[in-house]
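Shown next, in structure tokens, is the structure this report addresses.
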């Protein structure tokens, strides 16, 4: 009996060896795993810019349900190196209105000319609507003779010595536009010489 049991066990073991082992398919974890999305830090172009809130006022909009109260903010930004911009934002909350105004100002950046001493090249007169702004060069050490929205524009643009005079309407938005229009009228000595077909020494 013992011999028969041994033979059966030997036969069974031989059958097991002859049978091909069933192996589970190898799963490549690297292939199945989806690549992680890369996170990029968006660099803001206005990191070196300064903001100045010129005016905040409360506005209302009449709807079927009644009056909807909101706030509007007028902001001027600049890098004090010849780049300046302005924008307006509206929202239910004042901070949100200021953020929208800054975002709008980023899309309205302009480059203005200035001398090495921080003044303008010559007299200019800017106008927008009924607002008029006169800008005059000033000697070094004079400072900024301006007030209100005009001062915000010339300071953030980087001017250090300048005379200004605002006349006509005093709406902040129109005054800012008039100031920028005046600054854009500047001509450098090289540009004036080119227009007159003369050299710098002949001017």
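Just so it is clear, glycine is given a Cβ too, placed from its N, Cα and C backbone atoms.
Taken verbatim from Swiss-Prot:
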REGION    1-36  region 'Disordered'
COMPBIAS  1-18  compositional bias 'Basic and acidic residues'
DOMAIN    49-112  domain 'S5 DRBM'
(message) I'm checking region-level scores; what's the whole-number mean pLDDT for the domain 'S5 DRBM' (49-112)?
(response) 94
(message) Is it possible to list how many residues within the domain 'S5 DRBM' (49-112) are helical, extended or coil according to DSSP?
(response) 13 helix, 38 strand, 13 coil
